[in-house]
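As written in Swiss-Prot, here are the features:
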type    : residues       : note
BINDING : 37-66, 319-329 : FAD binding site
REGION  : 1-28           : region 'Disordered'
Amino acid sequence: MTTQRNDNLEQPGRSVIFDDGLSATDTPNETNVVETEVLIVGSGPAGSSAAMFLSTQGISNIMITKYRWTANTPRAHITNQRTMEILRDAGIEDQVLAEAVPHELMGDTVYCESMAGEEIGRRPTWGTRPDRRADYELASPAMPCDIPQTLLEPIMLKNATMRGTQTQFSTEYLSHTQDDKGVSVQVLNRLTGQEYTIRAKYLIGADGARSKVAADIGGSMNITFKADLSHWRPSALDPVLGLPPRIEYRWPRRWFDRMVRPWNEWLVVWGFDINQEPPKLNDDEAIQIVRNLVGIEDLDVEILGYSLWGNNDQYATHLQKGRVCCAGDAIHKHPPSHGLGSNTSIQDSYNLCWKLACVLKGQAGPELLETYSTERAPIAKQIVTRANGSSSEYKPIFDALGVTDATTNDEFVEKLALRKENSPEGARRRAALRAALDNKDYEFNAQGTEIGQFYDSSAVITDGQKRPAMTEDPMLHHQKSTFPGLRLPHAWLGDAKEKYSTHDIAEGTRFTIFTGITGQAWADAAVRVAERLGIDLKAVVIGEGQPVQDLYGDWLRQREVDEDGVILVRPDKHIGWRAQSMVADPETALFDVLSGCCIPSKPALRI
């Protein structure tokens with residue numbers, strides 16, 4: 001992955017102490033100010049990915065975090081197809097897969113009384129069931145994987161820093177002011193106690209700000225531990241439906257045991273009553289909780305840590321104020337159900353950073369940044385609603401088992417056993433349980449939610465057309481289409497020597513047009529339009545005898561335009577515009593689209 005050096009900074013007063021050819025390291029000047037194009041606050045998934053995307057585009061940036069290092073607990077882990085496509089585009093897919101639990105081991109989600117106890121039911125998850133696996137493989141060049149945040153963050157941070165990001169640990173954001181030229185951010189070096197100012201053209205808040213509304217916060221607790229459980233539960237997630245004895249802190253009858261590393265590092269998640277004081281644990285109590293959960297009294301357990309966190313049901317309706325944009329948990333807070341948190345955070349940054357790059361390179365006016373809120377705020381609402389919906393969908397499982405009102409362990413076990421009876425009531429409970437478990441596909445096999453995102457903004461031109469109606473459940477299934485606003489469909493292209501995806505040749509650093517052999521005039525026009533607008537615009541002509549060929553005919557079946565039509569793909573691989581067939585003046589058509597909508601208010605256009 002290559003990067004471009006960018007020296008487009010205010011030079012007076014700079015005090016450069018080291019320049020490695022990618023990024024110059026400054027000390028505060030005589031006015032105690034350090035300058036950069038973009039300041040990123042926070043090094044989590046949103047922050048570290050934003051730094052990586054910007055540095056890949058050649059945009060100078062500083063990333064600060066008040067902490068000494070990256071995430072110290074596993075936290076997020078499911079990395080869905082859309083995020084893996086983005087990491088593939090950033091050139092780090094192989095690095096991620098080298099550390100991740102691969103897709104084929106993500107396996108089943110098992111519901112059980114305890115991990116070594118009786119199984120209640122299971123569902124194949126994350127596209128591992130054969131029919132759904134085909135859906136996943138046909139939709140994308142990348143498959144989901146399971147990588148803890150403790151391993152993913154350092155990969156993104158390393159690549160960001162190698163490409164030019166200045167990373168400042170133990171540096172705390174204090175406040176900011178902004179004007180029509182930039183943002184002045186007051187920060188604190190927590191090691192020296194020195195306060196200084198970072199002057200940036202734009203500020204990204206990716207520090208996972210907590211909600212101020214106490215009523216929206218619920219308490220949950222994690223215990224991270226090591227134990228060899230390969231004999232009992234070789235699966236990535238095990239909801240434990242029970243009342244393990246001697247556990248004092250519980251949120252009624254639902255626990256989760258999550259695999260961190262196969263099969264000897266795990267994370268226990270359970271709830272406590274937020275009307276009471278938060279629980280205080282020591283290692284001995286934590287070990288006993290783990291043993292009760294697993295159902296093995298003499299299990300050898302090493303406690304790695306425990307931490308509190310909160311559930312929320314919140315999303316922002318506007319993500320930007322002037323030159324300050326927010327991303328990640330700062331704009332959407334929700335339960336971990338469905339694994340949408342870190343995925344959405346990285347996707348926020350992906351959407352924002354190509355727009356920042358266009359503006360900072362002089363290829364677009366600042367109005368383009370307004371489309372960040374227009375496009376991503378509805379996604380924030382969608383994923384918060386879906387995550388909370390997935391969490392609430394556990395109640396029908398308890399209702400089917402008849403244990404919702406159980407108050408003691410004996411009563412719980414007695415009611416749980418009724419599902420096995422040879423009786424009409426037993427049959428009713430079994431049928432209700434199966435229906436409730438099947439409904440969990442909306443959490444664990446919701447490919448449409450994960451990659452079917454649609455953008456409707458001034459950076460998308462539909463020419464008055466309506467989005468095609470879905471023929472299947474839009475949350476469970478992904479429907480491929482080149483309709484503007486949707487994600488570019490995946491198809492395998494190539495030649496006799498190599499094979500690559502449509503996503504691979506529509507790089508995230510430029511706009512791309514796709515056309516066929518009889519659409520060569522579009523490709524010729526693209527060269528002239530790129531020169532007039534001063535942008536990087538790539539033309540791909542697909543067909544027999546061309547450098548790029550439709551190997552299996554998949555692109556022909558998915559493109560939805562004639563061979564002489566054209567599809568404009570934005571740097572984030574969403575369709576910006578399409579024309580069904582050739583027009584009388586392709587250069588004017590392409591110029592008007594790019595200058596008027598996808599890149600609004602270009603300061604100076606070369607006619």
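Quick reminder: no glycine exception, Cβ is built from N, Cα and C everywhere.
Since the structure is predicted, the reported quantities are computational estimates derived from the model, not experimental observations.
Features as recorded by Swiss-Prot, highlighted on the structure.
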| residue | record | CB count, 10 Å |
| --- | --- | --- |
| Glu37 | FAD binding site | 21 |
| Ser43 | FAD binding site | 28 |
| Ser49 | FAD binding site | 33 |
| Ser55 | FAD binding site | 29 |
| Asn61 | FAD binding site | 30 |
| Leu319 | FAD binding site | 26 |
| Cys325 | FAD binding site | 27 |
Please report the three-state DSSP label of Asn61 (FAD binding site).
strand
